[in-house]
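Undergrad: Have a look at this one before I ask anything.
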Amino acid sequence: MGSTFRDRTVELHSLSQTLKKIGAIPSVHQDEDDPASSKRSSPGSEFNKKASRIGLGIKETSQKITRLAKLAKQSTIFNDRTVEIQELTVLIRNDITGLNMALSDLQTLQNMELADGNYSQDQVGHYTAVCDDLKTRLMGATKQLQDVLTTRSENMKAHENRKQLFSTKNAVDSPPQNNAKSVPEPPPWSSSSNPFGNLQQPLLPPLNTGAPPGSQLRRRSAIENAPSQQMEMSLLQQTVPKQENYSQSRAVALHSVESRITELSGIFPQLATMVTQQGELAIRIDDNMDESLVNVEGARSALLQHLTRISSNRWLMMKIFAVIILFLIVFLFFVA
């Protein structure tokens, strides 16, 4: 059974080539390459493009802040991603600073466009609402970042206090252990279970023949305990620099977090000032709208009064009809 479909791709290509030759299909990139067409674009297109870019940037920044919050919650004293958190914090801070500057430029562009006076009240209200929404979202993202950094700072302080508590507790508990280790233990040759005790005793030279046996045992135990004490001191000397380096790194990270919080606190007054200016602009727009409504009502009342005067003036209506009849007579008898 044969196929009921027919391949007409060649016909489609030939038709498109024919239409291109006769000029029925304009070039796709004609408007993009023509500078005059870009100048003829709508006045609010640049404002809308910038506003959309700022909105997209705020969305991406909020996603980064959410990731930073997850890292700050997952980090513990044994799994601390300090470097990654610092890099992400610096990146978010730069994004917020750039968005703040872009929002200031957008507001400047709005004021320049509104100064021309070629916009309706609906367009002015739209621009104002867009700017207010972007400012509110940026302020919310900044507040969220400040909360995350505050939580991070509190967690770091809690970890540092816990570490200091445990280190102090270990330092207090360590002296009894050293004293317990320094208690002299009986040497192996003093035990009756050592079968080679009689052979080892002649090999040891007597330290002092006139000294009692107890003093010799204490000297031997002190000599045997000396290497263990030296080993403990060496381990302690190796551990202390590591703890100091870790404490210094934590202190630097805590200082950087506090500095970021201070910088974000400096951004809030700028946003508050911008919101206040936007509110004043909205109040002025409302006042202008009230004045426009008053003027419209006055014009409407004046037109109604004029209409009443015209409708009540019959002599004027008779004059108008007389002029119309005279025109018809002149046209019919002299022109026709």
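Going from the start of the chain as shown, residues are counted 1 onward.
Placement of Cβ uses the backbone N, Cα and C atoms for every residue, glycine included.
Grabbed the feature section from Swiss-Prot, which reads as follows:
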- 154-163: compositional bias 'Basic and acidic residues' (COMPBIAS)
- 164-181: compositional bias 'Polar residues' (COMPBIAS)
- 190-202: compositional bias 'Low complexity' (COMPBIAS)
- 244-306: domain 't-SNARE coiled-coil homology' (DOMAIN)
- 1-314: topological domain 'Cytoplasmic' (TOPO_DOM)
- 315-335: transmembrane segment (TRANSMEM)
Undergrad: Looking only at the topological domain 'Cytoplasmic' (1-314), what is the model's average confidence as pLDDT?
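TA: That region's mean pLDDT is 70.
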Undergrad: How does the compositional bias 'Basic and acidic residues' (154-163) divide up by DSSP, counting helix, then strand, then coil residues?
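TA: Going through the compositional bias 'Basic and acidic residues' (154-163) residue by residue, I get 10 helix, 0 strand, 0 coil.
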Undergrad: DSSP-wise, what's the residue breakdown of the domain 't-SNARE coiled-coil homology' (244-306) into helix, strand and coil?
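TA: Taking the domain 't-SNARE coiled-coil homology' (244-306) as a whole: 63 helix, 0 strand, 0 coil.
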